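Here is the structure we will look at.
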Amino acid sequence: MSIDQRLQLITRNAAEIITIDELRKKIESEEKLKGYIGFEPSGLFHIGWLIWTQKVKDLVEAGVNMTLLRATWHAWINDKLGGDLSLIKMAADYTVEVIKNYGVDTTKLNIVDADDMVKEKDYWALVIKVAKNASLARIKRALTIMGRRAEEAEIDASKLIYPAMQVSDIFYLDLDIALGGTDQRKAHMLARDVAEKMGKKKIVSIHTPLLVGLQGGQRMSITEGMEEDDIQAEIKMSKSKPESAIFVSDSREDVERKIMGAYCPKGVAENNPILQILKYIIFPRYNFVKIERDIRYGGDVEFKDYEELERAYIEGKIHPMDLKKATARRLNEILEPIRKSLERKPEFEEMIQKISKSVTR
């Protein structure tokens, strides 16, 4: 694979690369690059997470040594799943199973458990050094990486450790690339700034889009003056709002029902969850999408790239109901092997039931 091909694959569908020039230089160096993504095992796996899962797949195919960090302690600090560490670890196992059955070659991943990292004294020394090189105000601003606001920092003091831990994860693993959703931007920028002060390697940050919830960009908690990445974090698909999310374990019928009831105004692309599912989840897996229609309405039509489909939708050439039916059909094809894998393992069925009863924001 050429340098340009690797760069194209790595950057495909990314919302932001910080910076593209640094990434190109790293690829051109021909050194074996190390990347990572850390995930909080915080509940059921919804399709929004398939966006970064696909990017992990892209990075592996581009020759990057990827680490998957099971951020169990981070989830515990963030009060996920009621702070039940055993349930959090169960959710981590479940997440890895989903990633595997999505098509990521997990034998090529370095899977690291935060439980092992926190046993090392060098790790905690690094956390303190990072904290010493960051202002309290900067740490509090970074709390949005946890899905929390700066004013919530008074809930308990452990929350203030979280951003320093995330930066320390990056340094401890000696990474070249940090992958995350746009909601992780503040942590990655903190890591880049602190790296200069501590003489550490400065990471390239790859930020994937956050899939908007099925209700579209309609959240009462959006206020004037909010930064763009914080706005996107507010309207994203959330496991704590089951009707706004599609879970990989949802039945075919539930997927169809949720898709058919989703926000999808005629001719509108902005914050349209159906179009986003097509762009970020379906088109990266398929060479075309077929819209089936009655001959009275023009008959079937195929689109070989997302831009062509979006253009036709904005121009009113595709009806929302036809778009939804095609999306549900393709999405169920992607989810079917994941569903079957989970069904073959009774322990995951029990896990899903437990997690469903324990999901917290």
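Here the Cβ of each residue, glycine as well, is placed from N, Cα and C on the backbone.
Source: prediction; values computed, not measured.
Looking at the stretches 236-240, 241-245, 336-340, the one that Swiss-Prot records under the feature motif ''KMSKS' region' is 236-240. Together with Tyr162, Gln166, Asp169, Gln184, the L-tyrosine site in Swiss-Prot holds one more listed residue from Tyr36, Tyr313, which is Tyr36. Within the model, the motif ''KMSKS' region' (236-240) shows a mean pLDDT value of 77, rounded to a whole number. Sorting the binding-site residues Tyr36, Tyr162 by the number of other Cβ atoms within 10 Å puts Tyr36 first. The secondary structure of Tyr162 (L-tyrosine binding site), as reduced to three states from DSSP, is helical. Reported as a whole number, the C-alpha separation between Gln166 (L-tyrosine binding site) and Lys239 (ATP binding site) equals 22 Å. The binding-site residues recorded for this entry are Tyr36, Tyr162, Gln184, and the Cα of Gln184 lies nearest to that of Lys239 (ATP binding site). Close to Gln184 (L-tyrosine binding site) in the fold, though at least 6 residues off in sequence, lie Ile145, Gln166, Ala178, His207, each with a CB less than 8 Å from its CB.
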